[in-house]
Amino acid sequence: EEMARRDAAELQRGQRKPRSPHGWGLLVALWLLAFYEPVLTESHLRRKNLEFIFIRFSAWEFAGCDKLWAGLVTTLCHHIRRHFGALPLSVFHVLGSRPRFASGFSQREWILKKGTCLRLWGLLLVLAVGVAILLVALLVPGIKDHRALKVVGSAAASLSGSSLLLGAFSILKNFLVSEKKKIERLTDSDRFAGQLGFMSKIRGEVEALVDFLAFMEVFERRRLRVVLEITGLDLCYPEKVAGVFNAMATLLSDANAPFIFLLAVDPGVIVPCLEQTGCMKGLADNGYLYLNRAVTLPFSIPEMGARSRLRSVEAAIQTREDLMYRIIAGNVAKTRACPADPRLPRPRPDSEAVAWIHEAFRCLHDSGDVLPRYLPDNGANVRRIVNTIPITLRLLLHRSGGDAGVPSPRAAAAWVVLADRWPCRLSWTLQCLENAGRDEGKGNASGKSLWSVFRENVAELSALRQPLGKVLSLDADPELFREFLERDFPFGVGEARQLLAVTVNLDHSIRQRMALLRALQRL
């Protein structure tokens, strides 16, 4: 929308209409590439219309290669080639030139390459003369016996023709062998690790791309910006994270490079990765200082508001319902085809499970309910909750077998949110509850609430802060945990035990580690 608005504003100012290197524009672009040199005029520098070329780079897809930054460069080359076409880029590698600044206030954007034209006309003239001499020496009677003319004609035609064929071959080679394949061939070499001049070759390919983009800016009559969206970097190894930052520095080393990097990462994950590598030497091993030097416009996403959180839940539910209905249809078909086993508990109709799932989703999406207040801001966590609720409800209905006293869909949804938001505190509470059930001296704790169990054992958890530090960092705001269990969702011990049997989004290894630490502390 911004690009269209700026194009319309430029047309109203009397500027010429932008053009693209496709269709007839491709022929014009090839003609200008071959015989004209672009010039950056004052009017071009004042242009406000922009074209953004968005390139998404998922670092996780290239995490298995030796050099992750090479994947970044190859992705850039591949998308630029696909956006503008292989032929203009191939011709530019052989005949193109970087735009130069205009002298004075000249408005001429294209200057004829006199040297190229003279060389071309000279080669064509020599070729024509050589072919003419050769034809005369071969066809005209009385001159056929003169070997000298044949030698001169053949030499002139061969030299000029070979020069033209060599240029055409270079264009064909660049057309068939892309920049991506060149870099991949270098990285696949056995001598890659110790190859001298490897970075200079990569730098040369990047500079050629920058020069080509500058040429296309003048041709298209608008500014170009290549936006690389880098995601998944916090899923890679520390050395590869540092390599991507080095590649970004290489691409941005040219002050006129038209690159914009959108780095979508969690600093809490990236900073320890940077501090483990050798790139921190001289920065006092401070990853945050390194990020401040590398990032020119920091943007920390603010806390998600109530409406934004509800929209995130709605989007996650819509993606889930399509899969849910496919599973339901398949289950109905299986139920009709397979006879019931009288020894197994009779399953509830699938329509009841659908009604429970929709009721749970309604509570998640109801702005008048308190449950959406506890949803995470991260969209991935919201999708995980939405995907977990149907499984939990189906397991709950299957295990109940028609018995009364089953937790409501709202309670089951709240339990899923509790396990996702506070896995450490919930695991500690459940472990203390399990130990209390084994201890005969403490009697039956079924009448207690989960919050009272946690409050009775919070001092012991505080003493284990150091060995459980990484697990505690998974939990959300502790004050929200208190409000959740004490006021809004006061789960009882009996209800918690019933829901624990169908909980699939709580890592049981956390409770096992807590049990070991409690046993060691009580020795």
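These residue numbers are counts, starting from 1, taken along the chain as shown.
Any Cβ shown, glycine's included, is placed from N, Cα and C.
Whatever TrEMBL says is automated annotation, not expert-curated.
The model shown is predicted, which means the values in this text are computed figures rather than measured ones.
For the ranges 23-44, 155-176, 243-264, the feature annotated in TrEMBL as transmembrane segment maps to 155-176.
Averaged over the domain 'KAP NTPase' (42-307), the predicted model has a pLDDT of 77. For the compositional bias 'Basic and acidic residues' (1-10), same-chain residues at least 6 beyond its ends with a Cβ under 8 Å from one of its own Cβ atoms are 18, 47-52, 222.
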